[in-house]
Amino acid sequence: MAFPGSGRSIPGQLCAGVFSGLIQPPLGQKFYCPNGGGAVPSPLPQALSAPQCNGEGRDPEPDRPIGYGAFGVVWSVTDPRDGKRVALKKMPNVFQNLVSCKRVFRELKMLCFFKHDNVLSALDILQPPQIDCFEEIYVITELMQTDLHKVIVSPQPLSSDHIKVFLYQILRGLKYLHSAGILHRDIKPGNLLVNSNCVLKICDFGLARVEELDESQHMTQEVVTQYYRAPEILMGSRHYRSAIDIWSVGCIFAELLGRRILFQAQSPIQQLDLITDLLGTPPLTAMRSACEGARAHILRGPHKPPSLSVLYMLSGEATHEAVHLLCRMLLFDPLKRISAKDALAHPYLEEGRLRYHTCMCHCCYSVSSGRVYTADFEPTATNRFDDSYEKSLTSVWQVKELVHRFITDQHQGKRPPLCINPHSAAFKTFIRSTAWHSSKVSKKEER
């Protein structure tokens, strides 16, 4: 079952980079030409209409910038090899220090590792220049029309069918990531891309990393946008597991039901207070990994009983099955929180699974006698993502050489490589849009 849209594109929030210079393509190679550059259109809530099967939908609008973020701009561009429109993401200034080098290399390898319909992956990487001039990376991904944040804040009605099929796809993609040993660590509506047929893909792996199995190894707490941050991170836990992503999905589930952020606080402490207002004062066993200050903050306050019944007031779509699944996701104790695999087996998502695999997915297909379904509706990764190479990375130049070789190797035996074409008529518009945004980002970061 597809969810058709108007066929027009909606700007989506994607992470990319601010262009700091031009890359001259090597002689004899094809140009990758951003062509377009019109103003970004306003969000079109009609992109989600009443659920029905209608095939693939219309093509996007002409090429243009489709998203701005703290790291720059993403453009819709045309691949000259086949005429298809795709998204072009830039990772700028990636070799400034060893930490950023490792992060970008990890994200790049992940984008090339992913093979799942609900996880954004790299379709191609633009050919890099000679290593001495190599400072930025351009990644081509599938073009998506909007993100879940824009869907939620739009006036477009969201039916129970929409909510179920969105949640099903989020958990389907998350099950795949977790099976590969990957924690996303920034699941939020803006990082869930949606096309005009309501197909959803998890994106933005800048904070993603392999799950650390050794509990003695500390992990950063500077992860996850605050509204979607799990209580164990808010309470200073130095080690966490995939349950942090499930908490984020629970917050998004509630947001889909109520069309507003579930825990919207001004500070991490207030965020924790809002969580305990809903879930009640947690037992000591649920705070086993909390820092002393956070534990003391909870214990010196008045005892709070749970008030989970208010979840039924989110909307008319908050049925008993919906609230039951939501409560399994929003458990204070991460060890008791439901997994993506078990959540997918919940009765609430049965209809979402059926609708998705009826005519939205690529793993099932129709024949004259009916629908042929895949043997595995929610596949896992064939192997864990290997990050063991990171231990041997000791210098910026070493990483730069490895990244350059990695990108070059991606093109071996494949289609002709592409490069940025600075002579394109639209390139000046591209540069102006990124230069303007660069100044805005700089001012924002100073505040």
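The backbone N, Cα and C atoms fix where each Cβ goes, glycine too.
What Swiss-Prot records for 60-349 is domain 'Protein kinase', and it gives sequence analysis as the kind of evidence. What Swiss-Prot records for Ile66, Gly67, Tyr68, Gly69, Ala70, Phe71, Gly72, Val73, Val74, Lys89 is ATP binding site. The annotation active site, proton acceptor is assigned in Swiss-Prot to Asp186 on the grounds of similarity to another entry.
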Length of the line joining the Cα atoms of Asp186 (active site, proton acceptor) and Val74 (ATP binding site), in Å: 19
Number of other Cβ atoms within 10 Å of the Cβ of Val74 (ATP binding site) across all protein chains: 25
Per DSSP, three-state class assigned to Asp186 (active site, proton acceptor): coil
Averaged pLDDT, computed only over the residues in the domain 'Protein kinase' (60-349): 89
